[in-house]
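> For reference, the structure I am asking about is given below.
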Amino acid sequence: MVSQIPSAVAQLLIQTQCALGESPVYAYGALHFADLLRGVVFRWVPETNLLQQVVCRYKGAAVLLGSIGVLDQGRTNGLLVASHHGVHVVETGVWDSPIMELPDPLCDPLREVVEGTGEDRKVVRLNDGRASPCGRFVVGAYNSAHRQNGRAVGGVYCVDAHGNCERINALGNVRVANGTCWDPTGTFMYFCDSPTGVLKKLRWTRTGVPDSVDQVVYDVQEHPSDADAFGGSMDGACADDQGGIWVARMRGGCAVRHDKSSGAVTHIVRTPETVQQVASCCVGNDTLFLTTANRGEDLTKCHGAGAVFSFQLSEFGLTASRDEHAFSL
């Protein structure tokens, strides 16, 4: 029953005002996240409460971001950035100045798609992505006009340090790539194309890419009563140490935890009622972090929209001790 699902409210952590706060990554003792629409990347260090931010540019011009990732071997001053131009790797100097000039893309997964369809690069662009257990970066496409034209344009891609880009054909074309994350063992990858309301699980491989969907973990059409507990659409996701999958609910004001086997909702963490656009989540240091958005909101009423919120997983008897996977150079 909906009333029996354990529920709690997250606390305000960082008072940012992100138009679209996304792609949180906890690694190297810091929380990294981005305001995708403003092209800004943040790093918050809990030990010192230091908040840094850098504005991304490419050839001097503003960029739309899709996702970010950290680099391996303790490269804390480096970053992977997926923008509407492609996947960029900045090996050092990220936090040395307020503006970061992105190098030419390591690869551009959507180049052929855009050239073949004539789509606008700022309409069809890269979206949700995370580094995989084997150090590659998995990133998917986003058609920002999908509500108007209904088109699934582009797919989900796996990128390595040499710029090789392999498409995950098992996931087909997508409208809004989201939910990319891995279970604690690195055995399974999770993914959702947000408009479908379906969370999929694929058996991961350290060579190549998955060739089939292993399981549909959750399909909103099969759980109509869940609408009484939460609304919105699936967005970013992560997994805790126990294997539960936390999924942010855009315009649902919460993140929900799905059982790794049955897909049933086991826990709900809500943001304050004035914050409904929960865009993504990550775990680290036994904490669930929620990034939010304020685009289109009346900020005189929607206090806290665009900020980062946190919840101590120990309140639910859960843990999250792992750092996010890093991109291997």
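Think of each number as a place in line: the chain as shown, counted from 1.
Keep in mind that glycine also has a Cβ here, set from the backbone N, Cα and C atoms.
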> Among D72, D228, D235, find me the residue TrEMBL lists at the same divalent metal cation site as E22, N178.
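Among the candidates, TrEMBL records only D235 at this divalent metal cation site.
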> Counting only residues 6+ apart in the same chain, whose Cβ is under 8 Å from the Cβ of E22 (divalent metal cation binding site)?
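Sequence-distant Cβ neighbours: F33, A34, D35, L36, L65, S67, D128, G236, A279, S280, T291, A293.
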> Applying the rule Cβ within 8 Å of the centroid of the Cβ atoms of E22, N178, D235, what extra residues of the same chain belong around the divalent metal cation site?
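Everything else in range on the chain: S23, N127, D128, G179, S194, M234, G236, A237, A248, M250, A279, S280.
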> Whole-number answer please: how many Å between the C-alpha atoms of D235 (divalent metal cation binding site) and R125 (substrate binding site)?
16
> Take every residue in the domain 'SMP-30/Gluconolactonase/LRE-like region' (20-294), average their pLDDT values, and give the whole-number result.
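Summarising the domain 'SMP-30/Gluconolactonase/LRE-like region' (20-294) by its mean pLDDT gives 95.
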> List the Cα distance (Å, whole number) between N127 (substrate binding site) and N178 (divalent metal cation binding site).
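About 7 Å separates the two Cα atoms.
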> When you measure from the Cβ of N127 (substrate binding site), how many other Cβ atoms are you left with inside 10 Å?
30
> What Cα-Cα separation, expressed in whole Å, is found between N178 (divalent metal cation binding site) and R125 (substrate binding site)?
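Here the two Cα atoms are 13 Å apart.
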